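What follows is a set of notes on a single structure, which appears directly below.
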Amino acid sequence: MTISPPEREAKKVKIVVDRNPVATNFEKWAKPGHFSRTLSKGPTTTTWIWNLHADAHDFDTQTSDLEEISRKVFSAHFGQLGIIFIWLSGMYFHGARFSNYEAWLTDPTHIKPSAQVVWPIVGQEILNADVGGGFQGLQITSGFFQLWRASGITSELQLYTTAIGGLVMAAAMFFAGWFHYHKAAPKLEWFQNVESMLNHHLAGLLGLGSLAWAGHQIHVSLPINKLLDAGVDPKEIPLPHEFLFNPELMAQLYPSFAKGLAPFFTLDWAQYSDFLTFQGGLNPVTGGLWLTDTVHHHLAIAVLFLVAGHQYRTNWGIGSSLKEILEAHKGPFTGEGHKGLYEILTTSWHAQLAINLALFGSLSIIVSHHMYAMPPYPYLATDYGTQLSLFTHHMWIGGFCIVGAGAHAGIFMVRDYDPTNNYNNLLDRVLRHRDAMISHLNWVCIFLGFHSFGLYIHNDTMSALGRPQDMFSDTAIQLQPVFAQWVQNTHFLAPGFTAPNALASTSPSWGGDVVAVGGKVAMMPISLGTADFMVHHIHAFTIHVTVLILLKGVLYARSSRLIPDKANLGFRFPCDGPGRGGTCQVSAWDHVFLGLFWMYNSISIVIFHFSWKMQSDVWGTVSANGVSHITGGNFAQSANTINGWLRDFLWAQSSQVIQSYGSALSAYGLIFLGAHFVWAFSLMFLFSGRGYWQELIESIVWAHNKLKVAPAIQPRALSITQGRAVGVAHYLLGGIATTWSFFLARILAVG
């Protein structure tokens, strides 16, 4: 008879939380900087307020205990979710209280979405445009109306109840944030239990989340949208619960519902093909993806993620161990391979965050490129303002996330990287090859820059000399993007070959016929030519320069030939101390700062390209005589010179925002003006020296002393790093708001 030792018995139930670790205490709220010994003493100079902002969320500097840092981050995530739910609730509330949603639902091709009405204080009611259907309000471009229709929302009452649900969820999130920091805080081992986390996130969030959405779409969205598409008045459509509990009602729309679950259990799944389709392309009634296709997609995704959520080994001895996977990952030329990466990713949340930001940023950019080619919601494709806004929004979000990845990778290198644990693994080998990588990348940037820009300069010169036959264009020296055209054609032909079950290709942008809704183009084949080939290489150039700056910042964050002990100076420092000239702007932080400007360049050119290309070659009206595009196909003729971009895009299309005064678009004119000012204001911070301001401040303080009104808190010029941070923030804010007002005034006027 064997008696198992007592410790094995006790291990069955793991206690992975600490009870009541931190008392709830509101007194800290009244003490700014309570987390830092220096800051909590209060301000002696104006630098205090800047340091307070810089360090308030930098949990690493407040404690070195990884468990405490993890708990703070975890708790802060719940707070973030609470804020998101409040924002969402506000959106739904505006839809319920201040919008023309019910009118839009009856005629989405003529009535424009609006969910905000400006109060008449001193003439502001000029901003309320006539959006159709007798409604005066601001035209919105967020895409919520289209999303709500796809969800099967048919009344403002439903929006009200959802808004209340959002507030309930927000309250639950705020409570959870408090509870899991003050009452039951997870232990470090819980945060480091990656297999359980993967299983729960994959199976729970992504698997069950997709399954729940697929279920909602099948039982609520599909029947309601089918009736809406057929022209049934929203007030006549049965309520969601009637479809849920009345199979006969569903069977009238989708006959397979009469058979119940029998086909599912007998594996005769083809019976369900009336609501799980594989049509491809767009619904000609709404200009959006077939909702039966998107249901099929979410059901398939749910199955994949539910399987994926059972792959990792936890309490039962089956499944993969992430540490084993990583350590087995060795190639013939990669030394120790991924050995040591498991330890990095379970002890450095900056490393983890850097990877997640890079992937999520890339995903956001992929989303923006899919949403115009395959508009997921009904009547989204013909709402040009919303299409342009969604593309621009997801591009910006992606750009910021990718720069954030560079930032947190740099912080990881400075604060968390331990060379002794990373001998000859992939990270160590990348660091040892960094000179070869950066110099090659630098060569690529120079090559792309000179060649892509050189094509434009050549064309501008030939154009100025009156020699169009010597220009690179579709009518003279052609540089056709043959590979892109081949990819387009391959996708267009896919239903016959690689996707035999699909009835059409994924998007009309590959080729085929124009999809028009209410006389407006939803999507049509996008022809690519010399002008696209040229701007594509400008995209390649700006993206490679952004990567060069960010990657150099990460790879040289700890040391360089110039400053071998850089790691000791920290993540951000202005220069390597007195007596070492030429060592300024070398910190990892400064690389993020510089990377932001090139990210701005990259994204600007992408959204300008998109805006002009769509107006020239896709968006427009359809009549018996064919398609009439907004700018009449001028992209191919004009976008191959710099002068063409300046004259026929920026200048020609800014007339709407410049002449918006006195119309409902006048707010965009004011934003355009104000944002230019904010942008120009940034240059004062970016081009000036700290000493200049310190001298000025001291003369102003002298004047105050003369008048005996000297302040108790001593004024100080911004530090070099603070000045740069303020500068780049205003540069980006000004640039983004300028672009936003320029785009919207233009597209709302002509689209």
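Including glycine, each Cβ sits where the backbone N, Cα and C put it.
If you check Swiss-Prot, you get these features:
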type	residues	note
TRANSMEM	73-96	transmembrane segment
TRANSMEM	159-182	transmembrane segment
TRANSMEM	198-222	transmembrane segment
TRANSMEM	294-312	transmembrane segment
TRANSMEM	349-372	transmembrane segment
TRANSMEM	388-414	transmembrane segment
TRANSMEM	436-458	transmembrane segment
TRANSMEM	533-551	transmembrane segment
BINDING	C575, C584	[4Fe-4S] cluster binding site
TRANSMEM	591-612	transmembrane segment
TRANSMEM	665-687	transmembrane segment
BINDING	H676	chlorophyll a' binding site
BINDING	M684, Y692	chlorophyll a binding site
BINDING	W693	phylloquinone binding site
TRANSMEM	725-745	transmembrane segment
For H676 (chlorophyll a' binding site), nearby residues of its own chain (Cβ under 8 Å, 6 or more apart in sequence): G734, T738
Which of Y692, W693, the listed binding-site residues, has fewest other Cβ atoms within 10 Å: Y692
Assigned element (helix, strand, coil) containing C584 ([4Fe-4S] cluster binding site), judged by DSSP: coil
Cβ-based contact of the transmembrane segment (533-551) with the transmembrane segment (591-612), 3 or more pairs under 8 Å: yes
Residue, out of the binding-site residues C575, C584, M684, whose Cβ gathers the largest set of other Cβ atoms within 10 Å: C575
The transmembrane segment (591-612) and the transmembrane segment (725-745) contact flag, 3+ Cβ pairs under 8 angstroms: yes
Beyond the flanks of the transmembrane segment (198-222) by at least 6 residues, Cβ under 8 Å: 150-152, 240, 243-244, 250, 253-254, 275, 291-292, 294-295, 298-299, 301-306, 308-312, 314, 322
Positions whose Cβ lies under 8 angstroms from the transmembrane segment (159-182), at least six residues beyond its ends: 20-24, 71-72, 74-79, 81-83, 85-86, 88-90, 92-93, 95-97, 101, 148, 153
Residue pair Y692 (chlorophyll a binding site), C584 ([4Fe-4S] cluster binding site) - Cα distance, angstrom, rounded: 18
